[in-house]
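Working notes for the structure below.
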Amino acid sequence: MIGQWWFLAPTFALMLVALVLPGVFWTRAGTRSALVAVGAAPAFTFGVVTVLSVLYSRASIRWEAATVLPVLGMCALLGALTWFGLHVRRASGGAWRPGMPLAEAIGTRVPLGAVQRAVRGATWGAVALGFALAALPMLAGADPADPVQQWDSTFHMNGVHAILLGGDASPFGGLHELYGGREVYYPTGWHAFVALFATPQTVVPASNVSSLALMAVWVTGAAALVSVLTSSRTAVLAAPVVAGLMPNMPADALTMYNQWPNATGTALLPGLMGLAVLVGRRFADDWRSRPPGRALARRAGQTVFLMVGALGLIGAHPSAVFSLLALLAAPLMAALVGLARSCDWQGVRGRAAGIAWSLVAAAVVVVPLVVLASPKIRAMGKYPRQGVSWSEGLAHMFVPFPPFAQTMGMTWWTIVQFVFLVAGLVVVAGLARLAVPGREDTVPASPGGGRMPVWPFASYLVAGCLTALAYSPSSQLRMFLLAPWYMDSRRIMGLQSLMVSVLIAVGFAWIAELARGAVARFSSQAADSGADQDGRALAEG
């Protein structure tokens with residue numbers, strides 16, 4: 001089967017280029033991490049695609065590669081120019097002036113050292129390995145010309161076909177042919193993107209190739225997210241490999257269950273989360289060290305990028321925004337409370353700023369509840385999907401697994417996940433130093449030093465509780481909270497898999513450091529023992 005996929009390698013490469021290039025330079029303009037930039041870029045691309053799909057429909061411009069890809073190319077070019085301009089400004093100390101030689105403005109580039117080259121090579125090698133492990137079952141067992149045998153997948157491939165024939169990719173009626181001519185809202189981000197690389201005769205293989213592209217986005221985003229949470233290189237290297245091996249996402253979501261729009265939103269999550277955490281951390285530092293106006297201005301560009309990325313999540317599937325909020329609710333609330341407390345409540349301006357941050361924190365709680373109560377979301381909650389039992393929910397709450405056949409390999413992989421997951425929870429909860437006294441050097445730290453943030457633990461619990469609630473008996477609470485995911489446990493377990501991947505990577509890094517230290521001590525003791533024996537032998541001789 002693998003040989004049949006080689007003919008689609010150009011399509012796969014073009015999809016990756018279109019996913020990354022429009023946004024990667026914009027991200028690089030505000031962050032030094034190429035990994036975070038590449039991980040977050042696809043969400044930006046989907047945001048641009050969503051905006052263009054609406055504008056093209058209103059302007060009666062046909063949606064096709066010839067009209068859309070040049071605009072994406074312009075986004076990439078403008079981003080590259082912005083990145084280059086900011087680099088020149090930083091390199092010249094802000095003293096660049098017209099007429100200054102370009103080489104002088106850019107400055108002398110310091111070549112990468114051997115260690116930096118090795119780190120970068122290992123990081124991208126781990127990403128490639130994670131993608132290979134994720135894609136191998138599909139490449140080895142599936143024919144790219146065969147449609148996935150799921151009713152939902154058939155609907156979405158028909159959606160791509162409808163866009164190709166009608167030239168309208170707007171979420172506001174672009175798929176009207178599938179609804180008897182009625183113009184209804186349906187997120188068309190995935191359909192619009194795939195239509196750029198398909199013809200009416202190649203919808204099936206192009207759709208299948210998009211699954212591979214989303215696998216690459218998923219593992220890259222996981223590595224990017226872990227890189228902003230810990231300075232442990234081992235954890236960063238483990239993250240894409242672990243993410244690629246998760247049974248729910250990408251295995252179930254992109255091969256067996258294969259609900260492409262929902263899976264697209266899930267695949268975009270980790271990279272955008274990584275950028276959001278990085279921007280939030282830097283904004284908090286700016287707020288405490290600079291005037292409020294300047295702190296806001298310094299992060300305005302990155303905030304716009306995040307907003308476009310969030311729009312990309314909505315364009316892929318609105319449930320992805322709820323997933324983003326569910327996973328980032330804990331750090332967001334903690335950050336907002338911290339900003340409010342850091343304000344000078346004795347002064348008028350400080351009091352106003354503190355009240356403003358408090359109102360934002362309240363809005364983070366109130367606005368999602370209002371949206372959940374809206375008629376559109378309530379209609380999603382009326383989908384006929386019954387619950388099971390609380391025992392089934394508790395069985396899936398801590399280590400998610402899809403309804404695959406329980407083979408020996410699956411059983412052992414579940415056990416391995418659980419062991420490293422517990423280790424990761426111990427590290428994030430701050431208990432590792434107590435578990436192994438005197439070995440603080442083995443505990444993964446945050447990028448700025450000190451202990452890792454605790455919020456991944458909270459986000460893991462939130463996702464686990466949502467999964468348990470999805471399996472629980474039918475109730476009004478279940479219908480209200482899980483409406484964005486149609487009360488579907490397999491959709492929710494995708495975001496649960498993300499947090500499990502993060503914690504497993506951290507746990508693996510800790511155990512690996514402990515094992516390395518134990519081996520080093522054993523080798524040292526063995527060497528000392530051998531030296532003592534040689535010394536005694538010489539003395540006796």
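Each Cβ is built from the backbone N, Cα and C atoms, and glycine gets one as well.
Whatever TrEMBL says is automated annotation, not expert-curated.
The transmembrane segment annotation in TrEMBL covers 6-27 (among others).
Note on the transmembrane segment (34-56): residues 18-28, 62-63, 67-68, 71-72, 75, 120, 123, 168-172, 174, 188-189, 192-193, 217, 220-221, 223-225, 227-228, 236, 264, 267-268, 270-272, 274-275, 278, 305, 307-316 of its chain, located 6 or more positions outside it, place their CB under 8 angstroms from a CB of the stretch. Per TrEMBL, the feature transmembrane segment maps to 34-56 (among others).
Here TrEMBL flags 68-88 (among others) as transmembrane segment. Outside the transmembrane segment (68-88), and at least 6 residues removed from its termini, the chain residues within Cβ reach (under 8 Å) are 18, 21-26, 28-29, 45, 48-49, 52, 56, 96, 105-106, 196.
Per TrEMBL, transmembrane segment is recorded for 122-142 (among others). Away from its own ends, the transmembrane segment (122-142) comes close to residues 1-2, 5, 35, 208, 211-212, 215-216, 218-220, 222-223, 233, 236-245, 250-251, 254-255 of its chain (Cβ-Cβ under 8 Å, at least six residues beyond either end).
Residues annotated as transmembrane segment in TrEMBL: 209-229 (among others).
Annotation comment: TrEMBL describes 263-284 (among others) as transmembrane segment.
Per TrEMBL, the feature transmembrane segment maps to 296-314 (among others).
Among the features that TrEMBL reports, transmembrane segment is placed at 320-340 (among others). Under 8 Å from some Cβ of the transmembrane segment (320-340) lie the Cβ atoms of residues 262, 264-266, 268-269, 272-273, 276-277, 280, 284, 287, 310, 313-314, 354, 357-358, 360-361, 364-365, 368, 453, 455, 458-459, 462-463, 466, 484-485, 494-495, 498-499, all in the same chain and six or more residues away from its ends.
As annotated by TrEMBL, transmembrane segment applies to 352-373 (among others).
Only residues 6 or more beyond the boundaries of the transmembrane segment (410-432), in the same chain, are considered here, and those with a CB under 8 A from a CB of the stretch are 245, 247, 398-399, 401, 404, 442-444, 451-454, 456-457, 460, 500, 502-508, 510-511. The annotation transmembrane segment is assigned in TrEMBL to 410-432 (among others).
Taken from TrEMBL, the feature transmembrane segment covers 453-472 (among others).
Residues or ranges marked as transmembrane segment in TrEMBL: 492-512 (among others).
If you count C-beta pairs under 8 angstroms between the transmembrane segment (492-512) and each of 6-27, 263-284, 296-314, the highest count goes to 263-284.
Counting same-chain residues at least six beyond the ends of the transmembrane segment (263-284), those with a Cβ under 8 angstroms from any Cβ of the stretch are 27, 30-31, 33, 36, 38-43, 46, 189-190, 211, 214-215, 217-218, 220-222, 224-225, 227-229, 243, 249-250, 253-254, 257, 295, 298-299, 302-303, 305-306, 309-310, 312-313, 316-317, 319-320, 323-324, 327-328, 331-332, 335, 338-339, 491, 494-495, 498.
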